[in-house]
Amino acid sequence: MMDLSETDIRLPMLVYVSREKRPGYDHNKKAGAMNALVRASAVMSNGAFILNLDCDHYIYNSRAVREGMCFMMDRGGEDICYIQFPQRFEGIDPSDRYANHNTVFFDGNMRALDGLQGPVYVGTGCLFRRFALYGFDPPSITDYSKRSVPSVDVDDAEMQQRSLTAADFDDELDPNLLPKRFGNSAALSESIPVAEFQGRPLADHPAVKYGRRPGALVVPRPPSTRPRSPRPFPSFLAGKRTRCSTQLFLILNGVIRYGRYEDKTEWGDRVGWIYGSVTEDVVTGYRMHNRGWHSVYCITKRDAFRGSAPINLTDRLHQVLRWATGSVEIFFSRNNALLATRRLKILQRVAYLNVGIYPFTSVFLLVYCFLPALSLFSGQFIVQNLSVTFLIYLLTITITLIGLAILEVRWSGVGLEEWWRNEQFWLISGTSAHLYAVVQGLLKVMAGIEISFTLTAKASTDENDDIYADLYLVKWTSLMIPPITIMMVNLISIAFGFARTIYSEIPQWSKLMGGAFFSFWVLAHLYPFAKGLMGRRGKTPTIVFVWSGLIAITLSLLWVAISPPRPSGSTAAAGGGFQFP
């Protein structure tokens, strides 16, 4: 028998929490899991800051969390809701065929947003202020300085040892009023004012307007312990009884039970991670910025966190499809930046508007990819009359775009190869995943129809010792049909235009060179996609060849049936068709 009545048997602060998933309740995937963890950690440790990492990421810099906290605890940092770190990946092929590093976004776009109201939340590698996750306004909006603050005599030793709470500064943080918003857990409601006050910077300087005074929070939060047993218990139960606090366990069980606890509360609506979107991370960050909070982009000398990314073509396309589908949902929801409050800055509003609009550019991109082929098929250049004015406009726009690209690359430090890989995958994803996301999002929003894209054929590799073996796997998906169609159309059009020019009575090489140049430019962007279809050593799935053949035959028969019109002022041999001698 062992008497552990005097033993500290608190529940350890590092635990694995598994939330409840009940039939008939939507558990809201990652957002629901994160909200359960927020409530559990509030009852256990109630830290003022929360670090969010995906399961495939790990800490690579032990000082990263401290560097992030410095932004929030520094003077003027009371309005910062989260610190976003860049994502760095391992296990990616040296050429980064599918732009998995995404350096243009993380080293260019995110750094630019840091000069506005702050970077968007990307779902991992982020340090949050707990109070901001609870859906409250920043101190600059609430303006605690106008509220009545109890006078404290700093010379009084008893008052110096008193642990002040945020309720002393803000009446809205009264624990008696919080259950209507956060649920019926008294422990959770009591932890919210404490977390807010602990997250304030120390008011040791007049510049710190909303800080906490010296002498506050010098007493640590008392531990949550279970009632002591009046009698000893067998030694074989000592381990379990030591590791578990019954009282704390019951509280945790109550706040984690998703189906019952979140009913008639604001969890997922205004509090915590926001529900209702595939990209809950973007929506959660948007809601904070819309309330007036700011965020900071922190790039450390040594990578803060590292993770893994899908290097397979099909997996990468499905990842982009999920992001783009979430963006379409955001565009048609109340989270559209056009409906934002005045607290969201104008340029930040434009940035969030771009998040919801970019999938729709796939429609125009698809047209642009087919225009060179149509020019070669019809014998007409994209622009009918090439005047000096048109050439000047074209040259001016081209030089401007090239200059902007050079400035962005030099400012962000992105290499030329990385920039080119990003351009290539932008066209690949724009003509496949983004296009499907628009269709899928419109069907879901307007008709309530959800479409799932499944993987079928798969060509495996026998080289298990190759760390890049997954790169050469070819898994067929319907997302590949539009890019394959674009490649086949442009290849056939080049052959068609070349043959027609050779056998025509009056060869028009200028039109051929113009159309062929733009067709080759489209094919150059699709080169990584074509290389991904080939797999390794001829292990391309048969379905790829079948689809390519069907598309080629369909286009040929369609062109013969249409019998395109001949160019004006040309003979039959030099027009839309040609005859072999």
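Backbone N, Cα and C atoms are what each Cβ position is placed from, and that goes for glycine too.
The structure displayed is predicted, hence computed values, not measured ones.
Here TrEMBL flags K29 as UDP-alpha-D-glucose binding site. Feature annotation from TrEMBL assigns Mn(2+) binding site to K30, D54. Residues annotated as compositional bias 'Pro residues' in TrEMBL: 220-233. Taken from TrEMBL, the feature region 'Disordered' covers 213-236. Look at TrEMBL and you will find 351-374, 386-407, 484-503, 509-530, 542-562 tagged as transmembrane segment.
Taking each of the binding-site residues K29, K30 in turn and counting other Cβ atoms within 10 Å of its Cβ gives the largest count for K30. With a 10 A radius on its CB, D54 (Mn(2+) binding site) counts 14 other CB atoms from all the protein chains. Rounded to the nearest whole angstrom, the C-alpha distance between D54 (Mn(2+) binding site) and K29 (UDP-alpha-D-glucose binding site) is 13.
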